[in-house]
Amino acid sequence: MAELQVDENTSSRKSSSAEEETCKDPDRLYDDGEKSIIGEQLDQHQSTATIRKPYTCDQCEKSFWSSGILKRHKRTHTGEKPFTCDQCEKSFSRSGYLKVHQRIHTGEKPFTCDQCEKSFSHAGGLKIHLRTHTGEKPYSCDLCEKNFSQSSHLMTHKRTHTGEKPYTCDQCETSFTDSSSLKRHKIIHTGEKPFTCDQCEKSFSQSSNLKIHKRTHTGEKPYSCDQCEKSFTESRSLKRHQRTHSFDQWEKEFSDSYSVKLHQPTHTGEKPDFCAHSEKSFREPDHMGENLH
């Protein structure tokens with residue numbers, strides 16, 4: 001019986017040791033190897049981990065259930081990154097982060113979607129990807145109630161409310177709400193066009209522009225006008241087109257109102273246009289013009 005108890009504790013310690021490598025924030029994901037997300041097992045682990053936390057950080061008073069986790073936590077204050085990639089010399093605060101990062105070099109993608117067979121280098125990437133199939137958007141903006149599939153997308157969105165633009169170009173001082181927008185912007189200065197069409201070898205600075213361009217080869221026109229059923233390869237072309245309907249409607253309304261205004265005097269006998277030269281009144285300005293000749 002005692003032997004069984006030892007085995008259970010050993011198993012528990014092993015399980016905790018494996019999990020504690022990524023037990024930091026369940027809403028974050030591995031991006032450049034510095035962030036993690038794991039599934040339901042982490043939630044279960046955290047619920048048991050909150051029972052007793054005798055190890056407290058002397059800098060922020062956060063508490064932890066093991067000295068090892070406290071030691072790793074303290075690196076967030078010191079900035080220490082003792083785990084270094086031997087291929088690109090990038091450093092990480094945890095061995096688990098390094099392990100995930102190394103898959104960039106090896107190309108290993110052990111986590112595969114069972115619905116579309118797309119593969120990922122880490123479990124967090126798969127979990128987020130699965131939301132494209134389920135439509136799940138668990139992160140809600142408390143200001144406008146928009147929902148997002150990723151916490152990072154919510155964080156970026158919130159900056160549209162606050163006006164915060166923390167990413168600034170060092171060449172022209174233009175600022176952006178997220179790092180990817182800044183990265184895309186910098187290509188303007190370098191003239192780089194890294195996105196090349198595989199059918200005509202035309203190159204583009206933005207992947208979105210390449211995507212639109214490819215529709216000239218496929219004939220795809222996904223943006224359709226709901227008034228005349230004309231289709232377009234990009235949304236801005238549709239918007240320009242829709243203005244023609246707005247103008248046509250305005251022109252028709254203007255024309256109709258002008259015609260009504262001219263017609264009404266035939267019933268009332270009113271002659272609102274007065275000619276100072278002949279001292280005559282006319283129902284229509286054109287008739288007054290004819291009088292001058």
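Glycine too: its Cβ is placed from the backbone N, Cα and C atoms.
For 21-36 (among others), the entry in TrEMBL reads compositional bias 'Basic and acidic residues'.
Taken from TrEMBL, the feature compositional bias 'Basic and acidic residues' applies to 268-293 (among others).
Counted with DSSP, the domain 'C2H2-type' (55-82) comes out as 12 helix, 4 strand, 12 coil. Among the features that TrEMBL reports, domain 'C2H2-type' is placed at 55-82 (among others).
Taken from TrEMBL, the feature domain 'C2H2-type' applies to 83-110 (among others). Across the residues of the domain 'C2H2-type' (83-110), the predicted structure has a mean pLDDT of 92.
Per TrEMBL, domain 'C2H2-type' is recorded for 111-138 (among others).
What TrEMBL records for 139-166 (among others) is domain 'C2H2-type'.
Annotated domain 'C2H2-type' per TrEMBL: 167-194 (among others), in sequence order. Shown for the domain 'C2H2-type' (167-194): DSSP residue counts in helix, strand and coil, namely 12 helix, 4 strand, 12 coil.
Summarising the annotation, TrEMBL assigns domain 'C2H2-type' to 195-222 (among others). Residues 184, 187-188, 231-234 of the same chain sit 6 or more residues outside the domain 'C2H2-type' (195-222) yet have a Cβ under 8 Å from a Cβ within it.
Among the features that TrEMBL reports, domain 'C2H2-type' is placed at 223-250 (among others). Residues 212, 215-216 of the same chain lie 6 or more positions beyond the ends of the domain 'C2H2-type' (223-250) yet place their CB under 8 Å from a CB of it.
The region 'Disordered' annotation in TrEMBL covers 1-36 (among others).
The region 'Disordered' annotation in TrEMBL covers 263-293 (among others).
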